[in-house]
Amino acid sequence: RLELRCERDGAGGAELRLDAHPALAVSRAALLPPPGGPGDAAGQELPVESRPFASYGNALHITLPQAPRAGQLLTFIIDYEAGEGPGVCWLSPEQTAGKQKPYMYTQGQAVLNRSFFPCFDTPSAKFTYSATVKVPEGFTAVMSAMSWEKQKDNTFVFKMPQPIPSYLIALVVGDIVSADVGPRSRVWAEPCLIEAAKKEYDGVIEEFLVVGEKLFGPYVWGRYDILFMPPSFPFGGMENPCLTFVTPCLLAGDRSLVDVIIHEISHSWFGNLVTNATWGEFWLNEGFTMYAQRRISTEVYGLPYTCLEAATGRALLRQHMDATGEDHPLNKLRVVIEPGLWGVNPDDTYNETPYEKGYCFVSYLAHLVGNQSKFDAFLQAYVNRFKFQSITADDTLGFFLEYFPELKEKGVDSIPGLEFDRWLNTPGWPPYLPDLSPGQQLMRPADELAELWAADGLNMEEIEAVDITGWRTYQLVYFLDQVLQKSPLPEGNVKRLSMMYPKISKAQNAELRLRWCQIVLKNNLEAEYSKVKDFLYNQGKQKYTLPLYRAMWGGSEATRALAMETFSATAPQLHINVQNYVKKILGLGVAE
């Protein structure tokens, strides 16, 4: 049921056009009579036709009895059936953690929700929504909504009174339970994971929310809950409002990965409250969120650690640009996404650039201001000015120059080599990089230790003098990245390293497990191949799964056999896209 107000006379003629998908079957569309007015309660049936629009969806054309007038309210009812489309994921019991019951979830970003319900599937339109969801006994439904109410007959009612773009509507149905972890937060998970989830997140979310509110203004979404998805969920996190979806890989058992949640929390202001009007300016969501995440992290964990985390992000941007070539058209902040049948699918433009180059541009704006508390105040004013709206980079940069008239007078938007236009429209490496040198105090000991382990004769005395018990995740990650770069190490060194640091070689932390597995493969440490297998059996996150299959396939006979054996055993529990990516790596035929 769609309630619309006509903005101006004669704008769309006597037709309503909505985004839909070939997998979505519409059986009837009707115009309902105005509330309390005359007319058939079932509504006046309207002609509806589905026409080709783009590779990722089609257009639903609904003919109206006459062109609406400005200010007129129209209520449509559309009967349809969905479920086969790319936005709706159905998991068999073996793809869940509990392995007993099936599970379903939706993933809207970027343009997938048109296969879940007919809508204006663009981030430029925002709306409120409500939903009534009836599920079988033994299942629970949750949605990205501010209120959640269970009624009789296993029916759940949801309301989202704040306007959001279509991509942020999300639904999960599964065997899930919840536990409180703060005054406005609870964790949701399958029963077998709920204790671990509660232990890991008890008390920490509120701390991040409070810092976020201090920096960026009030948190407007009421609750902030986290849903731990089944292990086959292919992403790290999805910032659905009130209910962030995250990978169960974040349950490291020692709170070492809670900072990933800071990124999703930061979207509560940047992305969910102030939104990019088009996917071609995705950096407005992600560049600002990276900046916000690192501001919160600096307040909570300090500057050196945050710089170290930002350095790992910069390394990912470097890898991406080396792989694609710097001048690839995706490596600019304003990407041209042509609409239509031969146009680009916005989902295919996803890469590191809007995140890390976007972060550099926001950092450059802060550098122009030259005073952190003044820039923090600007961010708060920016959120307040554009909240619940969808905006373009021109809106953002125009507001920046209006807020700092002295910078506008100085012409900071056109400093040679650093022009705002160049940032937006020229591909390549960021023309300004924020100073990450405070991270050096954590990097230097890690660099030196990696050097010691790469030596021909190990100097155990010097190695034992380095105490790594206090090192946090990103310092260990940085150390392992250096070891991996130096691999294969001299014979026997990795075996010694494994024995020396069980906190690394036996880690439950997914970021450490990924790198340890890569080191095991690069050094042909056959005694620990089982750890690679275990890690791939336990989760299906794309960011961890694909690099390990690439490493196995690029290695020896033994690692290739390990890849085939592991994949044939785990394929059914992987997301269909991830299955297909792995098949490509292993040279197997890909199913359509």
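Cβ coordinates come from backbone N, Cα and C, glycine included.
Quick look at what TrEMBL lists:
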ACT_SITE  E264  active site, proton acceptor
ACT_SITE  Y355  active site, proton donor
BINDING   Q107, G108, Q109, P234, F235, G236, G237, M238, E239, K541, Q542, K543  peptide binding site
BINDING   H263, H267, E286  Zn(2+) binding site
DOMAIN    441-586  domain 'Peptidase M1 leukotriene A4 hydrolase/aminopeptidase C-terminal'
Give the distance between the Cα atoms of E286 (Zn(2+) binding site) and the residue listed as 'active site, proton donor', rounded to the nearest whole Å. 5
List the residues of the same chain that sit at least 6 positions away from Q107 (peptide binding site) in sequence and have their Cβ under 8 Å from its Cβ, in sequence order, or write 'none'. G87, C89, A170, F235, M238
Sequence-ordered list of residues in the chain of H263 (Zn(2+) binding site) that lie 6 or more positions away and have a Cβ within less than 8 Å of its Cβ, or none, is G237, T289, M290, Q293
When neighbour density is defined as the number of other C-beta atoms within 10 angstroms of a residue's C-beta, which of the recorded positions F235, Y355 has the lowest density? F235
What number of additional C-beta atoms lies within 10 angstroms of the C-beta atom of Q542 (peptide binding site)? 18
Among Q107, G108, Q109, P234, F235, G236, G237, M238, E239, K541, Q542, K543, which the record lists as binding peptide, how far apart in Å are the two most distant Cα atoms? 19
Can you name the residues of this chain that are 6 or more positions from E239 (peptide binding site) yet have a C-beta less than 8 Å from its C-beta? L168, E264, H267, S268, G271, N272
Tell me which residues of the chain lie with their Cβ under 8 angstroms from that of Q109 (peptide binding site), as long as they are six or more apart in sequence? Y167, L168, M238
What whole-number Å value do you get for the CA-CA distance of the residue listed as 'active site, proton donor' and Q542 (peptide binding site)? 18
With helix taken as DSSP H, G or I, strand as E or B and everything else coil, how many residues of the domain 'Peptidase M1 leukotriene A4 hydrolase/aminopeptidase C-terminal' (441-586) land in each class? 109 helix, 0 strand, 37 coil
